[in-house]
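> Swiss-Prot lists these features:
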{"type": "BINDING", "residues": "38, 43, 49, 279", "note": "[4Fe-4S] cluster 1 binding site"}
{"type": "BINDING", "residues": "64, 68, 71", "note": "[4Fe-4S] cluster 2 binding site"}
{"type": "DOMAIN", "residues": "50-268", "note": "domain 'Radical SAM core'"}
């Protein structure tokens, strides 16, 4: 499979925004010694999000115990203790940034008995203690199928529970070798089962070698497992050691994914565009919660 990384189309070229807020957010994160997935995963939207005073916090990192070949987060299989001050620092950042909606994600921590579920809970508690009106979205790993760990997170009552399906099942062995497609679907199905009031969310990348029909089948699977919100974005290879881009999906095709997701499958929201990432414009969920209250 040949890489297309050197032929990036115009619709994927992002101008670096000039805004004093970007420096403020970056300095605050540095002062509080907090990681963001925006920085660690080289997100193309980092300038826009920082300019808007938002960030997706990456806890328990920065190293990940899995080495998915599409991801730019550093691999680190060493056993590392959790930082007990991290939740408090995260809560302080949310307060100082005045966030109305916060996204908290993590690296995979397969070295921990509960996969880091307890740290997620502590972060939820810290955010609610420092900023009671802030809605909370979690983007969680699969916890290796540890459903007790999953229940621990659900019992903390996040407003949105996100777990990314990432790609089509045919490509799992290549792109997500330590993940299981059916296990991820099972996790998403359990969101509604455990907490009917929590909105469930999942995202996938295109451009890894899937077909459009396979994308639609994933949408069908997500719908069948009670997912409310879906994000679809273009895969961009972080470097030569990562999986190459197989194709650049056009904006028109992304619009077709969105239309299919909303009209055929009836998701509450489908965010689909070349630069969409799982937490891009995540704050719009507050409007969604007003339209579809639970």
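Each residue, glycine too, has its Cβ placed from N, Cα and C.
Given the structure is predicted, the values throughout are model-derived calculations rather than measurements.
If you look at the structure here, what lies around each of the features I listed?
Taking a C-beta cut-off of under 8 angstroms and a sequence separation of 6 or more, residue 279 ([4Fe-4S] cluster 1 binding site) has the following same-chain neighbours: 37, 56, 103, 105, 137, 139, 162.
Annotation for residue 64 ([4Fe-4S] cluster 2 binding site): spatial neighbours 71, 73, 74, 75, 76, 107, 108, criterion Cβ-Cβ under 8 Å with sequence separation of six or more.
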> Identify, in sequence order, the residues in the chain of residue 68 ([4Fe-4S] cluster 2 binding site) that are 6 or more apart from it along the sequence and have a CB within less than 8 Å of its CB; answer 'none' if there are none.
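Listed in sequence order, they are 175, 176, 177, 178, 179.
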